[in-house]
Structures are given as structure tokens and as C-alpha cells.
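Colleague: Encoded as C-alpha cells, here's the structure I'll be asking about.
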């Protein structure tokens with residue numbers, strides 16, 4: 001594939017409907033601290049570009065949490081359609097899922113990538129139109145920032161090192177760094193785009209182009225959140241006018257664009273495009289992994305021959321159909337996850353993507369890791385992150401129920417509305433509880449910010465993997481192919497003069513080859529080899 005479709009597809013895959021609807025709601029309730037997550041991209045993406053992508057042209061990677069994230073992403077456009085057009089959620093989920101599944105199953109990766117490029121154009125057109133019109137309606141850019149400042153939403157000075165605070169610079173930077181690494185390292189939909197390029201440099205260039213656009217996208221969504229606060233900061237439409245906080249953006253669209261013919265439809269197209277591009281990429285990736293890593297090896301084992309391309313193509317279409325229908329089914333469960341889609345999505349990515357990133361870190365940077373160590377590492381890490389998440393859900397304290405005014409007004413005053421950020425995956429003490437009950441150590445542990453799921457999971461995976469590998473003999477019997485190690489490892493090994501047993505065997509083999517060819521260098525000879533007969537002294 002060429003540079004343009006790959007770059008546009010990377011942009012579209014990273015910008016989901018959940019992000020478009022979730023980030024503005026996050027800023028509306030909790031301020032602009034979320035913007036600091038872009039600082040993590042500045043460091044994490046170059047790491048992927050230089051230390052991970054070069055290995056991908058020799059690897060196939062399976063993502064464990066693709067299907068969970070896609071279900072949530074499919075739920076986002078259903079929310080938008082429900083708010084804008086009044087269509088029931090279940091109807092929206094089924095229709096959107098079937099459309100996505102249909103063109104993914106028939107068209108494959110090429111159709112997905114070109115569709116992504118077209119959908120990304122729609123997303124940006126809709127966002128630009130919404131920003132211009134809504135900013136004008138609320139009174140201009142200066143009023144947006146003035147109103148946000150009065151409400152304490154322009155918060156960029158929280159540098160607390162406390163891990164139990166929901167959003168600080170350090171939680172967003174460290175957590176965002178690991179989340180981005182896991183997203184680009186462990187997601188097969190991303191890896192497909194890297195390896196679809198003809199060479200490594202092309203894939204690296206595509207990601208470098210995508211870096212500033214990802215930062216710009218989050219910045220734009222944060223600004224839209226400020227516009228939301230400028231317009232509805234004094235009167236929150238949740239829950240009297242709309243049911244969920246993640247419907248604030250569609251509500252704004254209908255409020256400022258509803259009377260302009262075609263513009264509400266443009267916004268719905270924006271959400272659809274962002275969601276379809278991400279879901280179609282995931283469905284295609286899962287189908288490819290199923291065929292390549294599971295069905296083809298099984299076919300060869302039982303039939304004693306390779307699977308022909310015609311059968312592989314047919315099975316991939318069936319697999320895409322299966323995963324599409326499964327995504328539709330799981331999307332029905334997303335409505336019970338609570339509010340603030342962006343936090344739920346990042347929580348899932350951290351909880352399951354963290355162990356996966358730890359597994360790849362062991363493979364890329366620690367050649368002593370054996371299969372037993374890697375297996376126990378990822379299972380231990382996944383168990384830990386799941387325990388932390390489930391424990392937080394069980395022990396969390398929710399906000400008191402919100403009610404509408406008896407006067408029948410369709411809105412409620414802002415000062416009577418508590419932050420709705422506490423929900424199924426909210427692991428922090430964002431909402432103040434009106435008692436002085438002292439928390440136990442375990443309850444404090446459960447209050448760790450959801451952004452630290454991924455870093456903790458990676459740390460557990462690496463430590464457990466190295467310990468188990470160390471006590472079970474490492475990889476002495478099966479030396480690791482150095483082509484599977486990250487360029488960063490090779491650089492460190494070169495500076496530290498570290499050589500594995502496999503490297504030494506390869507070096508001796510090269511010297512012996514040079515002896516036979518008669519081109520042994522003086523450094524290699526240095527009195528140790530008799531060049532006349534090739535024997536060692």
C-alpha cells in the first residue's frame with residue numbers, strides 16, 4: 001500500500017467515535033488536564049517508530065483485547081444516532097455493525113484502508129464546521145476561555161505524584177505513554193498497516209506524519225469540551241434532557257446545528273466514520289490472525305499440506321462475519337459500562353493491553369526470556385490487572401442520585417450536579433463522600449488511577465517473566481534469533497559489549513568461512529590461526 005492510504009488509515013484507526021464523543025465530555029466535567037496525554041505521544045510514538053517497527057516486518061502479532069475495544073467503539077455512534085435522530089440503541093448497533101461487517105468481509109484490508117482515508121476526511125470536515133459554528137454561537141473564543149477559567153476548567157498545573165489522583169501530569173504522561181505503546185505494539189490492526197508498507201522507512205514515515213495529527217485531534221476535542229462548558233456550564237442537560245454524559249456532544253450539535261439543513265447529518269457521518277474505520281480495522285485484523293496463526297497451522301498439521309489461497313480467502317470472510325456479529329453482541333453490553341466512554345476504553349486498554357505490552361517487552365528486549373517465563377508472566381500480569389479493576393468496581397462509592405427540579409425545567413443547575421466520572425471503571429476518589437470513614441490499605445490500593453493499569457501490568461509481566469526464565473534455564477537450549485530483538489537492544493548490547501552464545505557461534509562461523517575463502521583479516525588472525533593450513537595454533 002502507498003504512503004497516503006496507510007497514513008490516513010493510521011489516523012482513522014486511532015481516532016474512534018468513542019474518543020470524539022468521550023473527550024469533550026471528559027473536559028466538560030473534569031477540565032483540561034486530559035490534554036497532557038498528548039505529551040506521552042511525543043515520546044511513545046518515536047519509540048515505536050525506531051525500536052518496534054523494524055521488528056514488525058518479521059513478526060505477526062495477536063491482540064488480546066481487540067474485540068472488547070471494538071464493542072465499545074461500536075456503541076459510540078449508536079449513542080449519537082439515538083440523540084440526533086431518536087433511533088433506539090439496539091437498532092443503531094445492529095445496523096452499524098452489519099454495514100461495517102459487510103464491507104470488511106467482502107473488501108479485506110485494501111478496502112478497509114481506502115475507506116478509512118475517506119472517512120477521516122469526513123471526520124475533520126464535521127469537526128471544523130462544529131467548532132466554527134458553536135464558538136460563534138457562545139460568543140467567541142475569548143468567551144469560551146473566560147467562562148472555562150471562571151469554572152476552573154483550565155487546569156494544567158496539577159503535578160501531584162500521588163497515584164490515586166485521577167488525572168495529574170504524571171498519571172497522564174506515564175499512563176498515556178504505556179497506553180500508546182500497547183496500542184501501537186499489541187494491536188494487530190495497527191501492525192497490519194505497518195507491514196503493508198514496502199519497507200521499514202515507509203512505515204516509519206507514515207507514523208511520523210500521524211504523530212502531529214493525533215496531537216491536533218485531541219487538542220481540538222479538548223477545545224470542543226471547553227465550548228460545551230461555555231454553553232452548558234450553568235445548566236447541565238444531564239440527566240433531565242439527555243440520559244448520558246457522553247451524549248453532550250450530539251446534544252450540542254442539535255442545539256447549534258439542528259436548524260441548518262444537512263449539518264446534523266454531517267456530524268452523524270463524522271461519528272459513524274470514526275467508529276466504522278476503527279471497528280472495520282479490528283474485524284479485519286482479528287480475521288487475519290485467526291487464519292494465519294490458528295487455522296493454517298491446524299490445517300497443515302491434519303492435512304500435511306499448506307492451505308490454498310482460495311480456501312484461506314473464504315475462511316477469512318467467514319471469520320470477519322463472525323467477529324462482526326460478535327462485536328454487535330458485545331456492543332449491547334457497553335450501555336451498562338457507565339458514563340464517559342473515553343475512560344472505559346482506556347481502562348480496557350490498560351487492563352488487557354498492559355500485560356500484552358509486557359509480553360512484547362520481554363520478547364523485544366530480554367533474549368533470556370523463555371516460553372514458560374513469558375506464559376506465566378502474561379497470565380500473572382493479566383490476573384493482577386483484572387483483580388485491580390474488579391476490586392475497584394466492587395469497592396467504589398458512587399455519587400448520590402441526581403434528580404430534576406420539581407418546576408419541570410429540563411435542565412439542572414451546575415452546582416447541584418456532582419461529577420459523573422465515577423462509574424464502572426472509575427478507580428479514583430474524584431467524588432467527595434460525606435463521611436469520615438478511614439479507608440483501609442486495600443481500599444486505597446483500589447483507588448489507583450485507571451491510567452496506571454498499563455504501567456503496573458507491564459512491570460508485573462517483566463519482573464515475573466525474568467524471574468521464571470532465570471530459574472528455568474532461560475534460552476540456553478534454544479538461542480534467540482537476534483533479528484527478533486529490538487534495535488534498542490542491539491545498541492545497548494553493542495555499547496556494553498554484551499554477546500549472547502548465539503552471537504559468538506555466528507561470529508566463529510563467519511571467521512571459519514573467511515578462512516576457507518582466504519580473506520581472514522589481520523584482527524581475526526592475530527596469531528591465533530595458521531593461515532597456511534587454516535588450523536588453530
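For all residues, glycine too, the Cβ spot is worked out from N, Cα and C.
Because TrEMBL annotations are produced automatically, they should be read as predictions rather than curated entries.
As annotated by TrEMBL, transmembrane segment applies to 33-56, 63-81, 87-106, 167-184, 205-229, 266-291, 311-334, 340-365, 372-390, 450-474.
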Colleague: Tally Cβ pairs under 8 Å between the transmembrane segment (205-229) and each listed stretch (33-56, 340-365, 450-474), then give the stretch with the top tally.
Modeller: 33-56
Colleague: Residues of the same chain, at least six outside the transmembrane segment (33-56), with any C-beta under 8 angstroms of its C-beta?
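Modeller: For the transmembrane segment (33-56), the far contacts come to 23, 26-27, 155-156, 158, 167-169, 172-181, 184-185, 191, 194-195, 200, 203-204, 207-208, 210-211, 214-215, 218-219, 222, 360, 364, 483-488.
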Colleague: Sort out the residues at least 6 away from either end of the transmembrane segment (167-184), same chain, that have Cβ-Cβ distances under 8 Å to it, and list them.
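Modeller: Answer is 14, 30, 33-34, 36-41, 43-45, 47-48, 52, 158-161, 190, 207, 346, 349-350, 353-354, 356-357, 449-455, 458.
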